[in-house]
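Colleague: Pulled these features from TrEMBL for this protein:
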BINDING   Leu161, Gly165, His166, Leu167, Glu288  (6S)-5,6,7,8-tetrahydrofolate binding site
DOMAIN    18-121  domain 'Serine hydroxymethyltransferase-like'
DOMAIN    154-426  domain 'Serine hydroxymethyltransferase-like'
MOD_RES   Lys273  N6-(pyridoxal phosphate)lysine
SITE      His272  site 'Plays an important role in substrate specificity'
Amino acid sequence: MSSPSETVAVRSALEIIRDVEPRVADAIASELVDQRASLKLIASENYASPAVLLAMGNWLSDKYAEGTVGHRFYAGCQNVDTVESVAAEHARALFGAEHAYVQPHSGIDANLVAFWAVLAQRVEAPALAEAGARNVDGLSDEDWSELRHALGNQRLLGMSLDAGGHLTHGARSNVSGKLFDLRSYGTDPETGLVDYDALRRTAHEFRPLIILGGYSAYPRKVNFRIMREIADEVGATLMVDMAHFAGLVAGGHFSGDFDPVAHADIVTTTTHKSLRGPRGGMVLCRSELAPYVDRGCPLVLGGPMPHVMAAKAVALAEARRPEFRDYARRVLENAEALASGLQRRGARLVTGGTENHLVLIDVGGYGITGRQAEKALLDAGIVTNRNSIPQDPNGPWYTSGIRVGTPALTTRGLTTADMDRIAELIDTVLTATEPGTDSRGGASRARYQLDPALATKVAEQADELLAPHPLYPAVFLP
Ligand code: PLP
């Protein structure tokens with residue numbers, strides 16, 4: 001994963017940081033130690049390459065560059081123009097998109113840019129045209145007030161949180177839920193799969209401005225061709241948030257009906273999950289939406305981060321190589337092996353399996369909550385996160401699910417045989433975990449009991465699985 005010259009760079013970088021603030025240098029070093037030691041099954045995490053990490057840690061960070069390539073509000077942006085246009089060029093080519101905007105700082109920011117681009121295209125632009133104004137400053141106070149009211153009263157149809165949607169898909173606790181009048185679609189209670197007929201009925205009744213596809217915790221492919229048809233029937237803009245599965249689209253494995261870029265008007269993503277880039281976001285869209293998307297900064301984004309755009313460019317270049325297609329295939333094979341290994345040992349999986357990079361275990365089958373399961377697994381060196389499952393009896397805090405994903409361990413080189421061993425370790429820990437009692441002796445949804453000797457034994461077995469696959473092997477910490 002790295003070369004001797006990178007070793008020198010990291011060692012001296014830590015020494016330079018240590019001279020100024022040793023606690024930060026220590027935290028950076030400790031993070032590598034921790035990441036090397038943990039069996040990382042968090043579905044949204046990965047390990048970026050040394051090239052990506054180095055492209056992010058440099059003086060490009062010092063440059064202000066509000067605006068877009070060639071149209072900046074600051075002088076001296078020629079190098080930022082280069083990195084931003086290279087990143088956008090790779091993104092367009094990789095995903096077959098007409099336009100790419102690589103400035104968003106995160107997935108949440110990318111969704112905000114997309115929401116406002118659609119609002120600007122479909123609500124603001126017609127209002128300006130009707131009033132004969134070139135921009136919002138040219139509107140009368142009365143027209144402006146009417147427009148503000150219209151912008152704040154549009155409808156969004158997104159996947160519900162407990163079916164696997166994300167907070168930014170209309171949850172009241174997120175700005176998306178405060179901005180839009182939301183209706184959610186869920187999954188079939190029997191199969192756990194997206195119910196496209198119910199989605200179509202809701203869309204016809206609700207008539208949303210935006211139908212939003214994509215998810216954080218849904219272990220299946222989504223048919224975006226059907227979603228496109230539904231959006232067309234009701235005159236909605238189809239937006240897809242592919243944050244979780246962008247790497248599977250990039251690798252060519254989510255194609256045809258399952259390729260969001262082929263069907264949606266606008267697609268958002270993070271760059272750090274299965275895409276294996278730096279922490280950040282990105283928006284892809286059809287040409288008609290491009291002028292609105294490009295206004296993301298300063299409409300809802302702070303100044304662009306040129307160093308992160310440089311790292312996005314490097315990651316996207318990596319994702320265009322044949323090795324990435326192979327990586328994405330192995331992510332899928334590993335998830336499939338993990339799911340079948342768990343099922344063979346009696347675990348209950350939401351939707352009965354997986355077609356993507358993640359598996360959602362219903363830990364109610366083990367008589368514990370998601371919170372208890374997450375903590376017990378962590379004791380045994382297995383890093384996961386708890387997650388709601390459809391119609392979750394334990395609510396969004398304690399939950400009844402554990403979400404596990406394979407992008408990170410696949411980057412590290414683990415195989416389908418390793419996944420079967422991991423399924424065994426997970427099942428061993430969950431079977432041995434008992435619910436604890438609260439301070440008044442009642443059943444607790446957080447406390448649990450797990451034999452520490454068993455946890456240590458599993459942690460040792462997890463170490464054995466990781467040992468042949470060193471992380472950033474050329475980096476020797478001082
Ligand atoms: N969209 C989806 C589907 C996600 O799963 C996430 C993060 O988990 C986000 C958006 C937000 O991404 P970020 O944390 O980069 O803002």
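Think of each number as a place in line: the chain as shown, counted from 1.
Glycine is treated like the rest: Cβ placed from N, Cα and C.
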Colleague: Which recorded positions, if any, among Gly165, His166, His272, Lys273 have a Cβ under 6 Å from ligand 1, given in order along the chain?
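Modeller: Once distances to ligand 1 are taken from each Cβ, His166 fall under 6 Å.
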Colleague: To which of the binding-site residues Leu161, Leu167 does the lowest count of other Cβ atoms within 10 Å belong?
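Modeller: With the binding-site residues Leu161, Leu167, fewest surrounding Cβ atoms within 10 Å: Leu167.
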Colleague: Please compute the mean pLDDT of the model over the domain 'Serine hydroxymethyltransferase-like' (18-121).
Modeller: 97
Colleague: If you count, for each of the recorded positions Gly165, Lys273, Glu288, the other Cβ atoms lying within 10 Å of its Cβ, which residue has the minimum?
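Modeller: Counting other Cβ atoms within 10 Å of each of the recorded positions Gly165, Lys273, Glu288 gives the minimum at Glu288.
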Colleague: Provide the three-state DSSP residue tally for the domain 'Serine hydroxymethyltransferase-like' (18-121): helix first, then strand, then coil.
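Modeller: Within the domain 'Serine hydroxymethyltransferase-like' (18-121) the tally stands at 63 helix, 9 strand, 32 coil.
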Colleague: Give the helix, strand or coil assignment DSSP yields for the residue listed as 'N6-(pyridoxal phosphate)lysine'.
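Modeller: SS state of the residue listed as 'N6-(pyridoxal phosphate)lysine' = coil.
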Colleague: Can you tell me how spread out the (6S)-5,6,7,8-tetrahydrofolate site is, meaning the largest CA to CA distance among Leu161, Gly165, His166, Leu167, Glu288, in Å?
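Modeller: If we measure all Cα pairs in Leu161, Gly165, His166, Leu167, Glu288, the largest is 30 Å.
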Colleague: For a quick check of understanding: among the recorded positions His166, His272, which residue's Cβ has the most other Cβ atoms within 10 Å?
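Modeller: Sorting the candidates by Cβ neighbours within 10 Å, the top entry is His272.
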Colleague: Rounded to a whole number, how many Å is the Cα of His166 ((6S)-5,6,7,8-tetrahydrofolate binding site) away from the Cα of Lys273 (N6-(pyridoxal phosphate)lysine)?
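Modeller: Each residue's Cα considered, His166 ((6S)-5,6,7,8-tetrahydrofolate binding site) and Lys273 (N6-(pyridoxal phosphate)lysine) end up 14 Å apart.
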Colleague: Sort His166 ((6S)-5,6,7,8-tetrahydrofolate binding site) into helix, strand or coil using the DSSP assignment.
Modeller: coil
Colleague: To the nearest Å, how far is the Cα of Leu167 ((6S)-5,6,7,8-tetrahydrofolate binding site) from the Cα of Lys273 (N6-(pyridoxal phosphate)lysine)?
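Modeller: Rounded to a whole number, the Cα-Cα distance is 17 Å.
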Colleague: Could you round the CA separation between His272 (site 'Plays an important role in substrate specificity') and Gly165 ((6S)-5,6,7,8-tetrahydrofolate binding site) to a whole angstrom and send it over?
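Modeller: Cα of His272 (site 'Plays an important role in substrate specificity') to Cα of Gly165 ((6S)-5,6,7,8-tetrahydrofolate binding site) measures 18 Å after rounding.
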Colleague: What is the separation, in Å, between the Cα atoms of Glu288 ((6S)-5,6,7,8-tetrahydrofolate binding site) and the residue listed as 'N6-(pyridoxal phosphate)lysine'?
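Modeller: Cα to Cα, Glu288 ((6S)-5,6,7,8-tetrahydrofolate binding site) and the residue listed as 'N6-(pyridoxal phosphate)lysine' are separated by 28 Å.
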Colleague: Quick one: pull the CA-CA distance for Gly165 ((6S)-5,6,7,8-tetrahydrofolate binding site) versus Lys273 (N6-(pyridoxal phosphate)lysine), whole Å only.
Modeller: 16
Colleague: Taking just the CA atoms, what is the gap between Lys273 (N6-(pyridoxal phosphate)lysine) and Leu161 ((6S)-5,6,7,8-tetrahydrofolate binding site) in Å?
Modeller: 19
